[in-house]
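The structure under discussion appears below in the form of structure tokens.
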Amino acid sequence: MQEIFFDAHTHAHFAAFKDDMDEVLKRALDNNVYLINVGTQIDTSKKAVEVAHKYPKGVYATIGLHPVHTEKSYHDPQELGINTTKEEGLALSNAEGFTSRGEVFDYDAYKELSKSEKVVGIGECGLDYYRLTEETKKTQKEAFLKQIELAYDIKKPLMIHCREAFDDLIDILESHKNELLNGYAGVTHFFAGTKDQAKKLLELGFAFSFGGASTFPEKAGKYSYREVIEYLPMDKIVLETDAPYVTPVPYRGKRNEPVYVIEVAKKIAELKNLTLGETRDSTTQNVLNIFKIKI
Ligand SMILES: [Zn+2]
């Protein structure tokens with residue numbers, strides 16, 4: 001092992017980094033942090049692949065349609081840029097070439113994109129019931145099912161996003177149990193479910209990624225990362241930043257970036273009673289195994 005940390009889920013290709021992406025990536029690589037830039041719709045997926053190809057090593061991509069992008073009204077300037085406008089559900093591209101729209105998952109377009117050797121998985125895909133209404137759940141499920149199908153088709157694992165929808169997510173995944181256990185399960189990113197839900201996802205073959213939120217002080221009666229992280233076996237834990245969001249302690253208030261994954265590693269080491277080196281090696285090995293990456 002080459003003493004490498006792996007940020008398994010980040011967005012260093014988003015608009016939030018449009019002025020200094022190369023510096024941010026250099027800072028990560030100079031500090032032995034490798035990373036996977038995660039696509040969230042067709043433009044950020046294409047961009048993730050393009051950026052991965054710019055770097056001979058250490059930068060990979062996943063491609064997919066995030067559940068909130070199946071909905072027309074969602075728009076995050078940090079993700080897509082501030083100049084985006086919408087018209088009848090079709091967005092006009094901004095200076096960075098990103099668009100925001102209610103995207104219908106285009107199987108063939110994503111399959112074509114997946115042919116790059118830098119694409120290591122499908123996602124982020126899944127379910128997100130945080131902002132959305134009842135009728136959009138159906139749209140999210142349809143897009144998710146198509147992405148599960150694509151993952152089997154191209155033999156790459158899933159990068160799952162799930163928020164306030166774990167029971168429905170697990171129902172869908174359980175109906176694909178055999179294929180998932182055949183190596184397509186992948187990672188549930190930013191896991192914030194219960195221990196019981198974690199157990200069910202473990203049985204389906206999933207690993208779990210934790211980021212900045214796990215470094216925040218925990219309040220009594222609120223969700224506890226500590227409990228879930230202590231419960232999970234070390235061979236099912238990976239690290240993430242989800243940059244530019246959810247910056248870990250001690251950088252809270254600043255834009256998040258991949259090199260801060262080391263702060264997450266410190267927290268996991270503390271909770272699992274391991275050294276930082278052991279935590280780094282184990283979580284990196286998990287990423288290499290899950291996404292079949294050779295470094
Ligand atoms: Zn993400």
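Cβ atoms are placed via backbone N, Cα and C, with glycine included.
For H9, H11, E124, D242, the entry in TrEMBL reads divalent metal cation 1 binding site. Annotated divalent metal cation 2 binding site per TrEMBL: H161, H189, in sequence order.
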Can you grab the distance from H11 (divalent metal cation 1 binding site) over to H189 (divalent metal cation 2 binding site)? Cα atoms, rounded to a whole Å.
13
For divalent metal cation 1, what surrounds H9, H11, E124, D242 with a Cβ no more than 8 Å from their Cβ centroid?
T10, V38, T40, M159, H161, H189, F190, E240, T241, A243
Can you name the residues of this chain that are 6 or more positions from E124 (divalent metal cation 1 binding site) yet have a C-beta less than 8 Å from its C-beta?
H9, V38, G39, T40, T62, G64, H66, M159, I160, H161, H189
DSSP-derived structure type at D242 (divalent metal cation 1 binding site), helix or strand or else coil:
coil
Taking only same-chain residues 6+ apart in sequence, whose CB is under 8 Å from that of D242 (divalent metal cation 1 binding site), what do you get?
H9, T10, H11, H189, F190, G211, G212, N256
Check E124 (divalent metal cation 1 binding site) against DSSP and tell me helix, strand or coil, would you?
strand
